[in-house]
Amino acid sequence: MRIGLYPGTFDPLTLGHLDIIQRAMALVDRLVIGVAINRDKGPLFSLEERVRMVETECRAIAANGGEIVVHPFENLLIDCARDVGASVIVRGLRAVADFEYEFQMVGMNRALDAGIETVFLMADARRQAIASKLVKEIARLGGDVSSFVTPDVGAALVAKYR
């Protein structure tokens, strides 16, 4: 069984994330979505809210075949990959700036465990501009985020900024 790990903070989960999840499902038998506990980022949503958000929004994708497991983690990404039995880490790329950071991460992860590959999926052209940080800023300022997140995630953002 080929297991992939798609890590992120998902604060909030965006349509860009969901696109990568859907496409990654074609590459693996089980996709573990690693919801990172990253205290440095100061998340808007609690870990529990983000896990629930990912679980809820991924039900429809999982219903089309394949297995999705949501797994919170706080340790090194490579340790999380080992913990869940992943042979591949899936990362989404939006722009050249993403690649520079991800390139460094691949080098470090390969040094820690050369047996775990990293696969990059380019963001769909319609989703390249979506970034969780920008979505939060738009929502905070009362803008319409419906082009960037699902209706449930949009409602959760509105509720957070009331």
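Just so it is clear, glycine is given a Cβ too, placed from its N, Cα and C backbone atoms.
Ile130 (ATP binding site) falls outside any helix or strand according to DSSP and counts as coil. Counting every protein chain shown, the Cβ of Ile130 (ATP binding site) has 20 other Cβ atoms within 10 Å. What Swiss-Prot lists as ATP binding site is Thr9, Phe10, His17, Gly92, Leu93, Arg94, Glu102, Arg127, Gln128, Ala129, Ile130, Ala131, Ser132, Lys133.
The substrate binding site annotation in Swiss-Prot covers Thr9, Lys41, Leu77, Arg91. Within 10 Å of the Cβ of Thr9 (ATP binding site) there are 18 other Cβ atoms, across all protein chains.
Residues annotated as site 'Transition state stabilizer' in Swiss-Prot, with sequence analysis given as evidence: His17. Other C-beta atoms found within 10 angstroms of the C-beta of His17 (ATP binding site) number 24, with every protein chain shown included.
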Which of Leu77, Leu93, all binding-site residues, has a Cβ with the fewest other Cβ atoms inside 10 Å: Leu93
Largest inter-residue Cα distance among Thr9, Phe10, His17, Gly92, Leu93, Arg94, Glu102, Arg127, Gln128, Ala129, Ile130, Ala131, Ser132, Lys133 [record-listed ATP binders, Å]: 18
Among Lys41, Arg91, the most crowded of the binding-site residues [Cβ within 10 Å]: Arg91
